[in-house]
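A.B. asks: Okay, handing you the structure first.
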């Protein structure tokens, strides 16, 4: 196992113990066709010694049949796992890989570059902390580069690493690197990225991937691996209100009734007064049950079972929140939609809407606009075709309880499912409810809400004018 960690070979239990408390970071690679995404991931795995001997032997064999690097090992084949991908030399599905360093554990999503697979890329981006945008040094910023950057912005990814790849094909030119850097910065000025880094590299030769490049002494910055190890993805939580979506009711016997689910945001303590929606009934948290024993507190991302002091009716798909911090409740809402199916989105047609663990029906009332991903302009449109991104007004069959996606991704996201085929045809991010409640607030209430949001942003108060 010469290409794997020595510790794994010597003591697997010690290795697992060492890694169980490391910070988990999810990142994706995306860009235009043949920018070298799969090769980059293969290089990361190879140079960080995360390839087993049998994997390396298989890749050496496959390189002779499907490789594109001549006599050298084609590291892209480590990720391009589908036979159709290898034969065509492209990535089709989202491929996930796992590796770790001394500091972090990583989950990598290798997403497709071809425009017809943009919906796959959106799926891969939905859970990631960091996006690596690959740009071919020969061609600069392409249409897919713009599209993927825009989707990353819509999905709330704040940390972007722009990897200018194939620097070996432009003679490691500093001038070319600076041109691309300027072009990308100009394009993304309107996107809400809090952190954008740039690194020139050659995934094929390993320059600035894991090890520093001797071919680019003019670049003083960190390698890609160092950036992945050091970018602070633990941004301060601005939305701290409890949102617990019930996945199922756990009733193993007559003496126990618990509500199982994962905290989408906030925290819950034993003794907290909670409200179940949509019923509005109140109770007190009696126990927080886990496989490893009971807890006094559960935080965002934890899967737990809550038991209550009172027997109140709560079913799958309902939501538990704290008293005094209710979500938005509405049937009609505006959402940003990524359309993923060959058949266009049809206003008026009934679809299934899956919001968290709740399944209901609903339809698009109207398509407000769609985005031109090249100019970021909002264009008037009456239809959304495959890979289009637009603003759509929806009407759900039941009242949904949500927060705006920009505030809380856990309760602000939903998927659209075809009722006949059960195929997921779209993904949505809720912007705001469509109602007239904003006009019902007094001037004092509006001023107070604005003051609270400005002076106490950590309270997570929503904008009542939306």
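Quick reminder: no glycine exception, Cβ is built from N, Cα and C everywhere.
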A.B. asks: For the region 'G4' entry in Swiss-Prot, name the matching range from 157-160, 161-164, 165-168.
C.D. replies: 165-168
A.B. asks: In Swiss-Prot, which of 84-88, 89-93, 94-98, 99-103 is tagged region 'G2'?
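C.D. replies: From Swiss-Prot, the annotated region 'G2' range turns out to be 89-93.
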A.B. asks: Which stretch, out of 78-81, 106-109, 110-113, 114-117, is listed as region 'G3' by Swiss-Prot?
C.D. replies: 110-113
A.B. asks: Which one of these binding-site residues, 31, 34, 37, has the sparsest Cβ neighbourhood, judged by other Cβ atoms within 10 angstroms?
C.D. replies: 34
A.B. asks: Just jot down the residues in the same chain as residue 167 (GTP binding site), at least 6 apart in sequence, with C-beta under 8 A of its C-beta; none if empty.
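C.D. replies: For residue 167 (GTP binding site), the qualifying residues are 137, 173, 176, 177, 200, 201, 202, 207, 215, 216.
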A.B. asks: Count up the helix, strand and coil residues in the region 'G4' (165-168) according to DSSP, in that order.
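C.D. replies: Per-class counts: 2 helix, 1 strand, 1 coil.
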A.B. asks: Among all protein chains shown, how many Cβ atoms are found within 10 Å of the Cβ of residue 111 (GTP binding site), not counting that one?
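C.D. replies: So the number of other Cβ atoms within 10 Å of residue 111 (GTP binding site) is 26.
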A.B. asks: Across the region 'G1' (31-38), what are the DSSP residue counts per state (helix, strand, coil)?
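C.D. replies: Result for the region 'G1' (31-38), in helix, strand, coil order: 2 helix, 1 strand, 5 coil.
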A.B. asks: On the 0 to 100 pLDDT scale, where does the region 'G3' (110-113) sit on average?
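C.D. replies: Mean pLDDT across the region 'G3' (110-113) comes out at 70.
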A.B. asks: Can you see whether DSSP assigns residue 111 (GTP binding site) to helix, strand or coil?
C.D. replies: coil
